[in-house]
Amino acid sequence: MGYPTEASGSLIEKKPTVVFVLGGPGSGKGTQCANIVKHFGYTHFSAGDLLRAEIKSGSENGTMIQNMIKEGKIVPSEVTIRLLQKAILQSGNDKFLIDGFPRNEENRAAFEVIMLIEPAFVLYFECSEGEMERRLLGRNQGREDDNIETIRKRFMVFLESSIPVIEYYESKGKVRKINAGKPIEEVFEAVRTIFTAQDDKIAA
């Protein structure tokens, strides 16, 4: 699963505020993350974007990631977490949204072991399968993976892998659920309330 390193110690000293952002395909979390960045000054990291950037950099690590993806293998949690760790340490900010991570219980456990920190809370965008289907099928850009069967499969995979993570953090009182089926403005009002309370807590 990996182990803490010197970077983990630096991370503890930095005392970052980390918020995990989870939500199924079409839950609108990308739009809401952009709003949080704009209004509350968080830095937004997507695990997928960090992996793609590492591949593009042509580094030895990037080549290894690319080969694993080509072979249909799952990139180990430790690889993704090290990229997140590096990005957090290199950032001048101390407040972070980590989008689409942890994807499963193994990700979650590895994050806490390697990083030696826990999230302040988990922002969970809850949206019904019907609403997600409607949104994804209505997308103008018409992504090739946005057909009804693929959408249902992606939704099921999300639920199966993410629900144990959400249940774990719920047991710790760390989940903030948002009804993502409402209009964007209403969803952001609910998000704003949560982040205003978090800012007050940090200030205190």
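The count begins at 1 with the first shown residue.
Cβ coordinates come from backbone N, Cα and C, glycine included.
According to TrEMBL, the feature ATP binding site maps to G26, S27, G28, K29, G30, T31, R139, K182. Counting every protein chain shown, the Cβ of G26 (ATP binding site) has 24 other Cβ atoms within 10 Å.
With a cut-off of 8 Å between CB atoms and residues at least 6 apart in sequence, the same chain places nothing near R52 (ribonucleoside 5'-phosphate binding site). Sequence annotations record features per position, and here TrEMBL assigns ribonucleoside 5'-phosphate binding site to R52, K73, I74, V75, G100, F101, P102, R103, R143, R154.
Sequence-distant neighbours of N107 (CMP binding site) (same chain, 6+ residues apart, CB-CB distance under 8 A): S77, T80, I81, F101, V165. Look at TrEMBL and you will find N107 tagged as CMP binding site.
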Tertiary neighbours of K29 (ATP binding site) (same chain, Cβ under 8 Å, six or more apart): V21, L22, G23, D99, G100, L123, F125, A180
K182 (ATP binding site): tally of other CB atoms within 10 A of its CB: 15
Whole-number Å value for how far P102 (ribonucleoside 5'-phosphate binding site) lies from K182 (ATP binding site) (Cα to Cα): 25
G26 (ATP binding site) to P102 (ribonucleoside 5'-phosphate binding site) - Cα separation in whole Å: 18
